[in-house]
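Copied from Swiss-Prot, the annotated features are:
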ACT_SITE  360  active site, proton acceptor
BINDING   8-11, 22, 73, 78-79, 100-102, 137, 151, 166, 224, 330, 348, 363, 374  UDP-N-acetyl-alpha-D-glucosamine binding site
BINDING   102, 224  Mg(2+) binding site
BINDING   377, 383, 384, 402, 420, 437  acetyl-CoA binding site
REGION    1-226  region 'Pyrophosphorylase'
REGION    227-247  region 'Linker'
REGION    248-454  region 'N-acetyltransferase'
């Protein structure tokens, strides 16, 4: 039996006040609909159909490289009409799971429970009990069994008292669903074809209707405006912060962290406030992350220390390495064990060897730097000639004085010393001292220029 997912994503989202389709608005730096697609993939869905309307070209541009069936709903005539647009992609033997592109926080485990609750050839609906169910469709039961769903605008005063609401998420048998969709009518207050009407049809046909419930109602909430979108963002971040703490991270303030990707942590990790994670980030044991740091697609080994306001992107830090404050590691940068870069040091496609240090104010690009090297303040590897990048090699135990320019391609051999203010353009031999600065001159009685009157 195949799992066939239908994601409803045709709404314009007028209340967002945006040219962007509602489902492309982001939670954790990812479109809401992408969260839904990713969850469907976690369920090993055999087929995913995305029913779209407004902004179809934008949706395809953003999502089109994925294996999806894009299905147009030219007119928004209700949820039942939307699902019916995907009927050509549904086989009789399929289990059809209906999801919503603006409901991004539904967990895989919740959907697994929903699918498990569905009896063979039966229907299962994800429902929630709310203290204030206003605005939602109500689950109508008789003798404890579901017999139908009534929308808010069509509900009687007695039905409005029901606090079990329909989330809209449901699992249905493919063959029966296709038959029910063909029988839908729009004689209701909205003049729409409701998917929820198939529940009454299922009851009339003697089909078993079961329910499942999320651990938290936030899993079924969508976003119709930016206030609700912000609430989803906070809920998502709270969930991810809890996951990190349970995995061994100590968060200085769980409400002040921003996780926009996949973060794995070792034991006794310390994360200060306002840290941002993007992409895939791995933190080893006893790692410390200072306030305001940004980590993107990086691998941080045990005991490493990232000080406040550093940006680490596409980089690796070895055991007990440290960076910052205000350091920037760009893609291809790597600090080996016990290496250190300080404030306002930038590295790109550069390796800093074990125990080497660049304390402050340096640019190290396209460089291979050995062990025990000292990089003085103001050092620059001049790696670009206007057309191509070139490599600088600094071997072990080299001392580079402050304000030194290394014009690549160039090699500095073991134990060499470069005097402050030098511009090095040729290879330096082992244990050599190189000084290239101009000889100091003294001019007595020097008169400074005088400003001319305006």
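Here, residue 1 is simply the first one shown, and the rest follow in order.
Note: Cβ is positioned from N, Cα and C throughout, glycine not excepted.
Keep in mind that this is a model prediction, so the values were computed, not measured.
In sequence order, the recorded positions near residue 377 (acetyl-CoA binding site) (Cα within 10 Å of its Cα) are 360, drawn from 151, 224, 330, 360. Shown for the region 'Linker' (227-247): DSSP residue counts in helix, strand and coil, namely 21 helix, 0 strand, 0 coil. For residue 8 (UDP-N-acetyl-alpha-D-glucosamine binding site), none of the binding-site residues have C-alpha atoms inside a 10 Å radius of its own C-alpha, out of 224, 384, 420. Here residue 383 (acetyl-CoA binding site) comes close to 365, 366, 367, 389, 390, 391, 392, 408: these same-chain residues lie at least six apart in sequence, with C-beta atoms under 8 angstroms from its C-beta. You'll find the Cα of residue 11 (UDP-N-acetyl-alpha-D-glucosamine binding site) roughly 9 Å from the Cα of residue 102 (Mg(2+) binding site). Mean pLDDT across the region 'N-acetyltransferase' (248-454) comes to 97 in this model. Cα spacing between residue 151 (UDP-N-acetyl-alpha-D-glucosamine binding site) and residue 224 (Mg(2+) binding site): 18 Å, rounded to the nearest whole number. A simple Cβ count within 10 Å picks out one of the binding-site residues 102, 151 as the most packed, and that one is 102.
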